[in-house]
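The structure appears below as C-alpha cells.
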Amino acid sequence: MGGGGPGRAARRGPTCLWVTLALAWGAGSRAAAGDGDGDGEPGPGDAGTPCGAEGWARAAVPPGPAFVAAASYRGPGNNDTRSNKALPILLWWSGSLFPHFPGDTERIDCPRGSCLVTRSRRAARHRRTKALIFYGTDFRAYEAPLPRLPHQTWALFHEESPMNNYLLSHPPGIRLFNYTATFRRESDYPLTLQWLPGAGYLRGPALPLAEKDAWRRRGYGPVLYMQSHCDVPSDRDRYVRELMKYIQVDSYGKCLHNRELPSERLRDTSTATTEDPEFMAFIARYKFHLALENAICNDYMTEKLWRPMHLGAVPVYRGSPAVRDWMPNNLSIILIDDFDSPQELAKYLDFLDKNGEEYMKYLEYKNLDGIKNQFLLESLERREWGVNDMTLPNYLNGFECFICDRENARVRAEQEHKKSRGKTPAPSPHIAHFQHMGCPMPTPGFGSVEDLPGEDSWKEMWLQDYWQSLDQGEALTAMIRHNESHQGRFWDYMHEIFLKRTRQH
C-alpha cells in the first residue's frame, strides 16, 4: 500500500482538507506546548514507581488495594494460585465494552491462567498492566495513549464494518496492534460467523412458493430492498437505482424509498432492525432480498446475508468476495458480481421468478442433510464463543481470555529469558498483519471512479476518508517510533506527511 492508487487523486484539494486540519493542528500544538492535562513525559522515577513514572503519572496509578479486592471466581481447569496482586492486568481502553458488571475491575480465570481486567484508565501506566484492549470503531490515532510503553501489548477488537475505521485497513494502522479479533478468518481470534447463531438457523422453514407467488399477484415485486443507512462505502444505492430500471424492487427503507410498510409499527425503524416476528413474516414473502453490505471486505458478512437465508428468501449479495467459502452448498445465493450489468442480473431474477422449479433449487440447503459445506459446519462447531447461547462465553469474554493466556505465556517467557541471563531467547513480539483486516479501497457501486462527476458526494467522502486513514496510521507509527508523549503533536506529524505527499505529486 502507499500514497498512490486510483482513488488518491480524488482526494479533496489541499485548501479544503488542510484548512480544517490546520485548525486542529494548531489547537493540538498549543495544547502540547502548555501545561496540559497529564501530557507531561514521565521521568526516570524510582524502583517503587510503576513504569518509572513520576509526578502526574504516579498520581494516576490506583493504589495497590484497588487490584487486590477484585472479585474472584475459580474456573474449572485453572490451577493458577497467584493472588490478585500478582496477576497481569488487562485494560479495556474502550470502557463501554467492559464485559463485567458491576464495577470497574474483575478477576478472570481462563483456561491457562488468570488475570485482572479493568476499565479504569488510571491503570494505563501500572507496571503490571500488560495489555490495552481497543475497540476499532472508537480508536482514533490522535487520541492514542502515548508514549507507548514497551512492556505493553495492544489488542484490537473490531467486529463491525470496515467503514467505521479505515485506519485498520492499511498496514501502518493494523500493525499498531499485537492481537486482533475481527471478522477476518485470518485474525488471531476470528469473529467471522458472529451473525450466524448456528446451522439450525439456516434450516428454518421457508414460506411455501405458492404463498410467494400469491404475494406477487397482489402487485408486490419479486425483490426486496430494506436500507436506511445511505451513502456508504459500498455505494449500494447507486447499483440498486440502476437495477430498478429493469425489475420491480420494493424499497421500504429511507434509501431509494418507493413503498410503505403496511403498519405504523413496522415503519418504526427499531422494529425493522430486529428479528421482530411481524417484520420477519412480512419480508419472508419476498423471493429475493437485495443483500448489499455497507462495505466490501473479505469475510465481512452480516445479518443482511444470513437473515434472508433463515427466512427462505434468496440473497442477491454483494459484500465479502470470499462469501462462497461460507455458503451451505453451491447454490444458495446469487452474487451480483457474477453478472456483467444490473440489466443482466434483472433478466436472471425474472427467469427465476417465473420458473419455480429453478428458484427452489436455491433453497435445497434447508432439506435434511442439505448443508454440504463441511468447512462451514466445522467452523461453527469449533468456535469457542456462542451467539445467544448461554452455555458458551460471548466473544468479548472469550477474547479477553485469549489475551490473558498469551500475556501470561509472554510473562513466563520473559522471566525465563531473564533468569537464564540471555541463554533462553526473549519472546518475539506478535504483530498483526494486513490480512487481519486489509479491506480494499471503496469503489463505485455502478460504473467507475472516472465516470463520476467531480462533485460526487460519495467520491469526496469515502475515497478521501480511506486515504487520509493511511496518513493517520503513518503519523501515529512515527510518533511511537520517536517515543512521543504529547498527543497534540499528532497534527505536526500529519502536516509533515501532507508536505511529503505534496512533493511526491
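The backbone N, Cα and C atoms fix where each Cβ goes, and this holds for glycine too.
Residues within less than 8 Å, Cβ to Cβ, of C401 (disulfide bond) and separated from it by at least 6 positions along the same chain comprise I108, C110, P111, P393. In the three-state DSSP reading, C401 (disulfide bond) counts as helix. Swiss-Prot lists C401-C404 with the feature disulfide bond, giving similarity to another entry as the kind of evidence.
Around N79 (N-linked glycosylation site), no same-chain residue six or more apart in sequence has its CB under 8 Å from its CB. Residues annotated as N-linked glycosylation site in Swiss-Prot, with sequence analysis given as evidence: N79 (among others).
According to Swiss-Prot, the feature N-linked glycosylation site maps to N178 (among others), an assignment based on sequence analysis. All chains included, 21 other C-beta atoms sit within 10 angstroms of the C-beta of N178 (N-linked glycosylation site).
The secondary structure of N330 (N-linked glycosylation site), as reduced to three states from DSSP, is coil rather than helix or strand. Residues or ranges marked as N-linked glycosylation site in Swiss-Prot (evidence: sequence analysis): N330 (among others).
Residues near N483 (N-linked glycosylation site) in space but far in sequence (CB under 8 A, at least 6 apart, same chain), listed by position: P147. Taken from Swiss-Prot, the feature N-linked glycosylation site covers N483 (among others), and the record attributes it to sequence analysis.
If you look up Swiss-Prot, you'll see 30-55 marked as region 'Disordered'.
What Swiss-Prot records for 1-12 is topological domain 'Cytoplasmic'.
According to Swiss-Prot, the topological domain 'Lumenal' annotation covers 30-505.
Summarising the annotation, Swiss-Prot assigns transmembrane segment to 13-29.
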Taking only the CA atoms, the spacing between N330 (N-linked glycosylation site) and N178 (N-linked glycosylation site), expressed in whole angstrom, is 36
For N330 (N-linked glycosylation site), the number of neighbouring Cβ atoms whose distance to its own Cβ is within 10 Å equals 10
On the 0 to 100 pLDDT scale, where does the topological domain 'Lumenal' (30-505) sit on average? 90
If you measure between the CA atoms of N178 (N-linked glycosylation site) and C404 (disulfide bond) and round to the nearest Å, you get 13
Around C404 (disulfide bond), how many other C-beta atoms are within 10 angstroms of its C-beta? 26
